[in-house]
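Asks: One structure is given below, represented as structure tokens, and several questions about it will come after.
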Ligand SMILES: Nc1ncnc2c1ncn2[C@@H]1O[C@H](COP(=O)(O)OP(=O)(O)O)[C@@H](O)[C@H]1O
Ligand SMILES: C[C@@](O)(CCOP(=O)(O)OP(=O)(O)O)CC(=O)O
């Protein structure tokens with residue numbers, strides 16, 4: 001790993017910034033990447049982590065339930081989006097900075113980018129290391145996973161901010177009839193393995 005970055009993290013060798021619609025499988029895919037690489041090599045960063053923590057604290061809510069995938073989070077989602085947007089307007093890198101604190105692994109996987117400002121923050125801090133990955137699934141598949149259209153959420157920037165204007169480095173199709181995830185993830189895993197081995201060489 002390279003030398004400390006000065007804001008509580010070490011400089012990463014590779015930053016994979018994931019985005020995708022609700023229930024496209026961002027958590028599923030990023031968890032699989034971490035399992036393949038191991039948690040010593042790969043750290044998962046959730047931009048929504050510090051957002052939920054702060055929101056729960058200010059509103060006297062149950063953080064564990066906001067972090068879970070049940071109906072509690074959905075009850076507060078629209079208001080959390082609005083609350084987070086107010087914070088981002090004042091400081092677009094606010095949640096990115098908090099999410100990167102204390103991350104020590106050489107490969108970072110950001111599981112939930114939603115806005116151009118999220119991508120811009122990582123690209124500007126780590127221009128050589130950042131790669132953007134889109135996870136996509138059909139609406140039919142997302143519905144089978146429990147998604148249904150919610151006005152104020154699915155038509156808001158939180159879900160649509162990266163629908164256009166982004167050149168993704170990788171697109172993963174997370175569907176039953178697509179090539180297997182392992183096959184699609186292979187080049188990304190290879191890149192991550194190369195990055196982490198160069199970090200262990202630079203450490204030794
Ligand atoms: N390839 C897959 N095979 C089986 N289940 C999947 C797959 N992708 C996603 N899922 C399931 O679909 C649901 C939504 O996936 P999740 O990763 O939480 O989506 P997101 O983080 O994009 O909202 C979860 O229950 C997850 O386990
Ligand atoms: C207010 C949010 O941060 C809530 C995100 O929660 P999750 O990241 O848990 O969401 P999904 O994986 O899509 O279900 C969205 C935002 O606009 O920042």
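Any Cβ shown, glycine's included, is placed from N, Cα and C.
Summarising the annotation, TrEMBL assigns ATP binding site to 21, 22, 23, 24, 25, 26, 27, 145, 184. Summarising the annotation, TrEMBL assigns substrate binding site to 174.
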Asks: Under 6 Å from ligand 1 by C-beta, which of these binding-site residues make it: 21, 23, 27, 174, 184? Sequence order, please.
Replies: 23, 27, 174
Asks: Largest pairwise Cα distance, Å, within the listed ATP binders 21, 22, 23, 24, 25, 26, 27, 145, 184?
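Replies: This binding site's residues have a maximal Cα-Cα distance of 21 Å.
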Asks: If you count the other Cβ atoms within 10 Å of each Cβ, which of the binding-site residues 174, 184 comes out on top?
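Replies: Of the binding-site residues 174, 184, the highest Cβ count within 10 Å belongs to 174.
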Asks: Measure from the CA atom of residue 174 (substrate binding site) to the CA atom of residue 21 (ATP binding site) and give the result in Å, rounded to a whole number.
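Replies: Cα to Cα, residue 21 (ATP binding site) and residue 174 (substrate binding site) are separated by 11 Å.
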Asks: Near residue 174 (substrate binding site), meaning Cα within 10 Å, which of 25, 27, 184 (binding-site residues)?
Replies: 25, 184
Asks: Let me check the 10 A CB neighbour count of residue 25 (ATP binding site). How many other CB atoms are there?
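Replies: Step by step: centre on the Cβ of residue 25 (ATP binding site), count other Cβ atoms within 10 Å, giving 23.
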Asks: Enumerate same-chain residues with a sequence separation of six or more from residue 23 (ATP binding site) and a Cβ-Cβ distance below 8 A; give 'none' if the list is empty.
Replies: 137, 142, 145, 146, 147
Asks: What does DSSP call residue 27 (ATP binding site) in the simple three-state scheme?
Replies: helix
Asks: At a 10 Å cut-off from the C-beta of residue 21 (ATP binding site), count the other C-beta atoms across all protein chains.
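Replies: Taking all protein chains shown, residue 21 (ATP binding site) has 19 Cβ neighbours within 10 Å.
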